[in-house]
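These notes are about the structure you will find just below.
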Amino acid sequence: MAAVSSVASLRGADYENGLRGGAGPSGGGQDPGEDDPMGRGTLDLDLELLTQGRRNRRVGGRTAPGRRSGGRGGSGGGAGGLEELEDEELEEEEPGELTGDQTIEDPELEAIKARVREMEEEAEKLKELQNEVEKQMNMSPPPGNAGPVIMSVEEKMEADARSIYVGNVDYGATAEELEAHFHGCGSVNRVTILCDKFTGHPKGFAYIEFSDKESVRTSLALDESLFRGRQIKVVPKRTNRPGISTTDRGFPRARYRARASSYSSRSRFYSGYTPRPRGRVYRGRARATSWYTPY
C-alpha cells in the first residue's frame, strides 16, 4: 500500500509539472500525450516500484543488483520488468541457492555415521550373547553331568536291591568292560568303580546297578568267572548300615568287642585272675545278693 501511495503522489506531481510548463502552442510546453500517447513511461515507473516492493517483502531487504532498469524510454519496458520479476521469483524458489554447499552431504561424515551404526549393532549382538550365556549358567546342569543325588533310605534300599558287588576286579578295568561282561544278564543302569580318595587308584571292586531285580539273580551265575584273567566274586549288594562292613561281605563287624572274650583271654594269660561278672543272681525274697563266678 505504501508503494501505491508513492506512485499516486508521483503521478500527481508529474501532471502538475506538465500543466505548469504550458498546455498549448503559446506556452512553449509539451503535451505529455504527444510523444507518449499511452503513458508508458509512467507505467514503467509503476512496475519498477511494485517490483522493488515485492523484492523487499520476499528476500527480506535483499535487492539483486543490476536489475532495476525497467526500460523507461522504450515501449517494451513494462514487459521487460515483468519478465525480470518472474525470473527473480523462480530463482528465489529454487532450493539450495541461498545455502550453497551446506546442502551437499560430506562423504566422510556419512562414512563415520555408517561406522557408528555398525558398532551399535555389534554391541547389541554382544549383549544378546551375554544374556544367553547367563541364562545357560543359571539353568540346572544336564542329567548326565549332574552331581551325586541325595537319595532317601527307601530309594537307596530299592537301588541296592537291583545292584551287585563285584570283587577282585583288575585295577586296569574300565566301566565299559564291566558293562560288556554283564551285558547278557540284563540292562545295566550304572557301573561304579571305587577309587582311593587320596591316590585315585582303583580299590579292586565295583558295583553294578541293573534295571530290575531279576537281572541280579541272573548275574550271580557269573560268580567266580574270569574277567581280564582274574576270577571275580559276584554277590548281591547290601545296603550300608551301621556296624556292617562294606568290604567283608556277609560278616557283620561289631562296634565293640565283648568283654567276656577279653576277660577269658586274660584269665588264660593270668591264671590267678577271676573276672567279675556283670550280672546279679537273686535268690528268693532275700534282699542280699551274692556274686557268682561263671567259670
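Just so you know, glycine gets a Cβ as well, placed from its N, Cα and C.
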According to Swiss-Prot, which of these ranges is coiled coil: 106-140, 211-245, 246-280?
-> 106-140
Mean of pLDDT values spanning the region 'Necessary for homooligomerization' (145-295) | 72
